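Heads up, the thing below is written out as structure tokens.
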Amino acid sequence: MSEDFRPRSDFLQTLLLRGYVHQCSDLEGIDAKAQSGELVAYIGFDCTAPSLHVGSLVQIMMLRWLQKTGGKPIALMGGGTTQVGDPSGKDESRKILSLETIEANKAGIASVFSKFIAFGDGKTQALMVDNAEWLTALKYVDFLRDVGRHFSVNRMMAMDSVKLRLERDQELSFLEFNYMCLQAYDFVELNRRYGCVLQMGGSDQWGNIVTGLDLGRRLGAPQLYALTSPLLTTASGAKMGKTAQGAVWLNEDMLPVFDYWQFWRNCEDRDVGRFLKLFTELPLDETVRLESLGGAEINEAKKILATEATSMAHGREAALLAEEAARQTFEEGALAESLPSIDIDAAEIEAGLGVLAAFVKAGLVASTSEARRQIKGGGLRVNDAPVADERAALQQGDVASGVIKLSLGRKRHVLLKLV
């Protein structure tokens, strides 16, 4: 991307200034389309779980900003591609899901989007479509003859998603090898049906997306464009959206609103400014002001981040209730005054303290083997959330007002106080 490029469209100005852009095939072309008011763009979401988590939130926000700046977003549900499995970023083959599971997952994922974008038949109203509509209707021989002949196996083998698996001598099934062909075909089909000219996604999808551009050119489609967002990690390098309790889900039935609010409140100081730009709609000058706060004042910025981000996912009322619950729990000292505590070096949490070791250190269990038994029985909790994975580690995202609450059963609790 050219550093001299100055976008004229509100869409690209917003994405560039707020940090959403990693790679782009043609900034000038996308800018012109956005200025014309004719930009239709999509992002695909495979149905591998009953909810999306905050790792997908950057992409959802890109669709939201597209709509707010006059474009038309398409949320593509991968009812067809999920049956194959995307090998991108994976060390082993994905588990094959039943059609019933895929449908149930699709319903859970679809419920997220109405919180962020408006659906309907209007020019800028969003569409939700499922690639199973066309992929499951394809005839194999016809697809090979009409579409497959345009793919170069040489180029496919050079894709990171393929090359890394082969270099590590890890199996890559023929099923997964075909995934990029289906994703490329999705782009062409969405162009034919809805005039979609831009595919967006995470940086790990760049190879798949530009394959779609190439296929469109070979099949005579109009000019198509690609744009990806950066891989999102915390300032300490941890994968975005992971805590000791697991993924930070967007659906309330999989993660309480209070825990969602706490996730944002507990972000690292160095992440506050970046997250305010990406996950809220606060004016940029306000995000800069909040980012510049130091000392204890940075906690006020984190509360604003938490409430704004939670408002989008769960509504303003629920966000304010979560904020008040946190105030009563942590700031009025309800926990600190009544529970035993031990001091722990903040560097241990920064490095990722194993949850088994943490419970031993807190004196709640005598050994890691006892901790494992308690986890199997649902007896260990971190910040009142059950620990399901014995390999989990406590991280900065688990810290609330300088403490982490560990519980054995319902009656034994210890606070880890960071020093």
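Quick reminder: no glycine exception, Cβ is built from N, Cα and C everywhere.
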Where Swiss-Prot places motif ''KMSKS' region' among the ranges 189-193, 239-243, 329-333, 369-373: 239-243
Swiss-Prot annotation of motif ''HIGH' region' - which of the ranges 17-26, 47-56, 407-416 it falls on: 47-56
Residue among binding-site residues Tyr42, Tyr179 with least C-beta crowding, 10 angstrom cut-off: Tyr179
Outside the motif ''HIGH' region' (47-56), six or more residues from its ends: residues with CB under 8 Å to it: 77-79, 82, 94, 97, 102-106, 108-109, 112, 232, 239-241, 247-251, 253-254, 263
For L-tyrosine: widest Cα to Cα gap among Tyr42, Tyr179, Gln183 in Å: 17
Helix, strand and coil counts within the motif ''HIGH' region' (47-56) (DSSP): 3 helix, 1 strand, 6 coil
